[in-house]
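What follows is a single structure, written as structure tokens, with notes after it.
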Amino acid sequence: MLDAFSRVVVNSDSKAAYVSGSDLQALKTFINDGNKRLDAVNYIVSNSSCIVSDAISGMICENPGLITPGGNCYTNRRMAACLRDGEIILRYVSYALLAGDASVLEDRCLNGLKETYIALGVPTNSTVRAVSIMKAAAVCFISNTASQRKVEVIEGDCSALASEVASYCDRVVAAVS
């Protein structure tokens, strides 16, 4: 946020002028878009438990073998690890959305994730499915189309933010595939 403000100040200072006109309008647009971004992150964060548990439940419904003896979600400890991993992935997706940049997701979450899952015997196709379900839910919350829960939204189109969060989820899918 400071970068946008700093750019405007530096630009105005180089002209020996007050911040006004198009620079002021650019800041207003930035602030309005920033509020939408904060709201989008808040929608994900305030619904994260629901998003993750629904994704894991959906993954298990489609592959019931995961909760049978020998399955990767069999025993409470493994189920808890699966839910924890879903929470971590969604948390880093929300960080990327907040920053408007995928580097935090790439560096701190995805780097080495596939190799770790392979070493632990985690089926990547199940992870891909869970992330796909989380993606659909996050997009619904951001675009305010979630069927069971509507939220107060800032006026304006949030489709760009919905697309952005979808792209971060797609990065997760690509990283573990």
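Including glycine, each Cβ sits where the backbone N, Cα and C put it.
Among the features that Swiss-Prot reports, (2R,3E)-phycoerythrobilin 2 binding site is placed at Asn35, Asp39, Cys158, with the record citing experimental evidence. Taken from Swiss-Prot, the feature phycourobilin binding site applies to Cys50, Asp54, Cys61, Ser147, Gln148. According to Swiss-Prot, the (2R,3E)-phycoerythrobilin 1 binding site annotation covers Asn72, Arg77, Arg78, Cys82, Arg84, Asp85. The N4-methylasparagine annotation in Swiss-Prot covers Asn72.
Taking the features listed in Swiss-Prot, we show where each one sits on the structure.
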residue	record	Cβ contacts under 8 Å, 6 or more apart
Cys50	phycourobilin binding site	Ala137
Asp54	phycourobilin binding site	Ile133, Ala137
Asn72	(2R,3E)-phycoerythrobilin 1 binding site	Leu66, Arg78, Cys82, Gly121, Val122, Pro123, Ser126
Arg77	(2R,3E)-phycoerythrobilin 1 binding site	none
Asp85	(2R,3E)-phycoerythrobilin 1 binding site	Thr127
Cys158	(2R,3E)-phycoerythrobilin 2 binding site	Lys36, Asp39, Ala40, Ile142, Ser143, Asn144
| On a count of neighbouring CB atoms within 10 A, which of the binding-site residues Asp39, Cys61, Arg78, Cys82, Arg84 is highest? | Cys82
| said: I'd like the Cβ neighbour count for Asn35 ((2R,3E)-phycoerythrobilin 2 binding site), meaning other Cβ atoms within 10 Å of its Cβ, all protein chains included. | reply: 12
| field | Other same-chain residues whose Cβ falls within 8 Å of the Cβ centroid of Asn72, Arg77, Arg78, Cys82, Arg84, Asp85, the recorded (2R,3E)-phycoerythrobilin 1 site, in sequence order | value | Cys73, Met79, Ala80, Ala81, Leu83
